[in-house]
Amino acid sequence: MLERTLSILKPDVVKRNITGQVNSYIENSGLKIVTQKMCLLTRFQAEEFYAIHKSQHFFIPLVDFMVSGPIIVQVLEGENAISLYRELMGATDPKKANPGTIRGDFAENIDANCVHGSDSLDNAVREIRFFFSDYELLSLK
């Protein structure tokens, strides 16, 4: 099934200037980057986006990291894009991520783990709308 998913290239990817390499992994997997933009999250935006994790011990460090520098948000499209991208990202903890995955090949640690990807169709819709307006998405149809 043709799906869209949200991808975030986190501040560590932008800071280390490896966005092109990560994008190559995405495109070589068969996923299409249909739109992307660079932005700098405010603390409020980061807290809102990750609100589901508010009660977790990693919430504050995650928010701190996500506001530490620019990010790149992307809409990816392809057959079974959500599960394909999650497989391509690799395990959250790069020590457990397989070689050939984004985190396995590029992530420095569990906090600076390079990427975020939607984990379900419902979350993909919500997360894409969080970063992209209807106007921005209209031209993608």
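Using N, Cα and C of the backbone, Cβ positions are placed for all residues, glycine too.
Now, the feature entries from Swiss-Prot:
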type	residues	note
BINDING	Lys10, Phe58, Arg86, Thr92, Arg103, Asn113	ATP binding site
ACT_SITE	His116	active site, pros-phosphohistidine intermediate
DSSP three-state assignment for Arg86 (ATP binding site): helix
Largest CA-to-CA spread of ATP binders Lys10, Phe58, Arg86, Thr92, Arg103, Asn113, angstrom: 20
Under 8 Å by Cβ from Asn113 (ATP binding site), same chain, sequence gap 6 or more: Lys10, Asp12, Thr92, Asp93, Pro94, Arg103, Ala107
Pairwise CA distance, the residue listed as 'active site, pros-phosphohistidine intermediate' versus Phe58 (ATP binding site), rounded so that it is a whole Å: 15
Neighbour count (Cβ, 10 Å) for Arg103 (ATP binding site): 23
Sparsest-packed among the binding-site residues, when each Cβ's other Cβ atoms within 10 Å are tallied, from Lys10, Phe58: Phe58
For Asn113 (ATP binding site): DSSP state (helix, strand, coil): coil
Recorded positions (Arg86, Thr92, His116), the one with most neighbouring Cβ atoms at 10 Å: His116
Structural state of Thr92 (ATP binding site), classified by DSSP into three states: coil
Coarse DSSP state, helix versus strand versus coil, of Arg103 (ATP binding site): helix
Three-state secondary structure, which DSSP defines for Phe58 (ATP binding site): coil
